[in-house]
Structure formats: C-alpha cells, structure tokens
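Accompanying notes for the structure given below.
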C-alpha cells in the first residue's frame with residue numbers, strides 16, 4: 001500500500017512545482033504579447049507566414065518572454081511579498097527558491113535564444129535578448145525604483161513584440177513594424193497608471209515611485225487622458241501610411257473613442273473601481289486592436 005501512496009505524493013509535488021514555475025512566466029501576459037508577435041509576422045508578408053519562422057519564432061520568443069517574467073518575479077520578490085496583488089506569488093510564498101528561479105529563468109531564456117538564433121535568425125534572437133534585458137534588468141531592477149517615468153521609459157522593451165514577429169519572418173527592420181511598436185509604447189503608460197491609481201497605497205508602502213505616488217492621483221488621471229488621445233492618433237498611423245484598410249479604421253476609431261471616454265470619466269466622473277475598469281478595458285483594447293489589424297490585413301490584401 002505504501003508504494004501507490006508514494007507515487008501519488010510525488011505526482012502531487014511535481015504538479016504543484018510545475019504550476020509554480022508556470023505561474024512565474026506570467027502566461028496571460030505572454031499570451032497577449034504573442035498575439036502581437038503573430039500580427040507582426042502576418043503583416044510582414046502578403047500571404048501565409050512560412051511554417052518554420054512561425055512555429056520556432058513563437059516558441060523562442062515565448063520562452064524568452066517567460067524568462068524575463070521569471071526574472072521579474074525574482075527581482076521583485078521582496079516587494080511582492082508586501083503587496084496584496086502579488087503576495088501569493090511563488091517566491092514570496094516559498095514555493096520556489098531564489099536559486100531555482102534563477103536557474104529556471106536562465107534555462108528557458110537560453111533555450112529560447114538558441115531556438116531563435118538557429119531556427120529563425122540572429123537578428124530576432126538578439127532583439128529578443130535586448131527586450132529581455134530591457135524589461136528584467138533596466139526596468140525591473142532599476143527604472144521601477146528610480147523614477148516616476150519608469151513605465152514610460154521601460155515601456156519600450158514591452159513594445160517590441162510586433163517588431164520581433166516582423167523580423168522573425170523578414171530578417172530586417174521595416175517602418176510598418178515600428179508603427180506597431182509605437183502603438184504599444186503609447187498604450188503602456190495609461191494601462192499601468194490606471195492600475196497604479198488603484199494600488200497607490202501599496203506602491204507607496206514599498207517605496208515604488210509610481211506616478212500617483214510621486215505626483216498625485218489627479219495629475220495621473222490627466223496624464224492617462226492625454227495618453228489615450230495620443231494613443232488614438234498612434235492607432236491611426238497604419239491607416240495613414242496605407243498599411244490598413246477601412247475595417248481596421250472603424251475598429252480602431254471605436255476602441256479609441258471608448259478608451260478616451262473611460263479616461264475622461266476617470267478624470268471628471270470618478271467612482272470606486274473605475275480605475276480598475278480602465279485598466280481592464282485597456283487589455284481588451286490592445287487585444288481587439290491587434291485582432292482587427294490581423295483580420296483587416298487579409299481582407300485588405
């Protein structure tokens with residue numbers, strides 16, 4: 001009777017460990033990021049994306065993005081344990097040790113780099129590596145604790161995925177790919193500032209100088225509103241250069257109008273929970289916008 005119990009116990013331990021490591025990769029964030037990678041790939045070519053860069057590119061970029069997320073967990077483990085939103089993460093709870101987290105991040109990051117370098121192209125491998133360093137080290141380890149403009153400057157690393165998808169297929173830069181980067185770069189501040197308003201007290205408690213902590217909630221609301229207007233303009237750039245057609249134009253205009261309206265509400269008609277509503281809508285905004293880009297591309301082409 002002891003043997004089956006031992007096997008069951010081992011299986012249960014493995015399952016819990018696997019879930020902890022998987023959680024460290026921030027799968028929901030990576031999934032949204034991979035959508036923007038896929039759109040970058042598809043917009044780079046007029047027909048179907050070649051199979052090898054599609055599969056190897058998505059796999060390699062996903063591994064390196066997961067590595068960056070795991071490093072973020074590792075670096076932020078102290079403050080994560082003090083914040084209600086993050087105290088249940090694997091490192092603060094002791095489900096994964098710091099040493100094992102580092103080994104895990106290095107392993108999947110290294111594997112992802114090799115996959116991209118060998119099976120895709122060196123340009124994409126190095127760009128993805130630069131994004132990993134930008135997010136995990138420049139943003140998480142330095143900017144996040146150094147300046148209230150942390151998310152503005154550090155947002156560039158998180159805006160790179162469409163370019164990575166583009167270079168994975170073409171092995172070269174293109175202005176159209178940079179327009180997609182601009183969209184995500186402009187989207188990032190209002191997305192995170194809305195969350196920062198909701199979690200202002202927690203960020204202040206752990207000495208993270210998010211904009212609502214250093215400049216106040218009202219100033220942050222104004223910045224969110226201004227950035228949603230800038231984002232609406234950025235979202236029209238693909239139309240202005242002939243990259244997209246009427247279907248994307250209509251979807252983009254509708255999504256931007258709703259985002260601006262919600263930001264206006266946050267500034268002038270705020271109520272409990274509205275900041276989190278803006279935060280959640282921003283996720284749907286980006287997801288639906290890039291889906292519209294993808295659908296329009298095949299309709300327009």
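Glycine residues also receive a Cβ, built from the backbone N, Cα and C atoms like all the rest.
Of the listed segments 177-197, 198-218, Swiss-Prot assigns transmembrane segment to 177-197. For the transmembrane segment (281-301), the residues of the chain that approach it from at least six positions outside its boundaries are 32, 35-36, 38-39, 42-43, 46, 180, 183-184, 187, 190-191, 194, 235, 238, 244-245, 247-248, 251-252, 255, 258-259, 262, judged by C-beta separation under 8 angstroms.
As a quick check, the transmembrane segment (29-49) and the transmembrane segment (177-197) clear the bar of 3 or more Cβ pairs under 8 A, pairs 6 or more apart, so the two touch. Sequence-distant neighbours of the transmembrane segment (101-121) (same chain, 6+ residues past either end, Cβ-Cβ under 8 Å): 21, 24-25, 52-53, 56-57, 59-64, 66-68, 70-71, 73-74, 90-91, 128-129, 132, 167-168, 171. Cβ atoms under 8 Å from those of the transmembrane segment (150-170) belong to residues 33-34, 36-45, 49-50, 53-54, 57, 61, 65, 116, 120-121, 123-124, 127-128, 130-135, 138-139, 143-144, 176-178, 180-185, 188-189, 192-193, 209-211 of the same chain, restricted to positions at least 6 beyond its ends.
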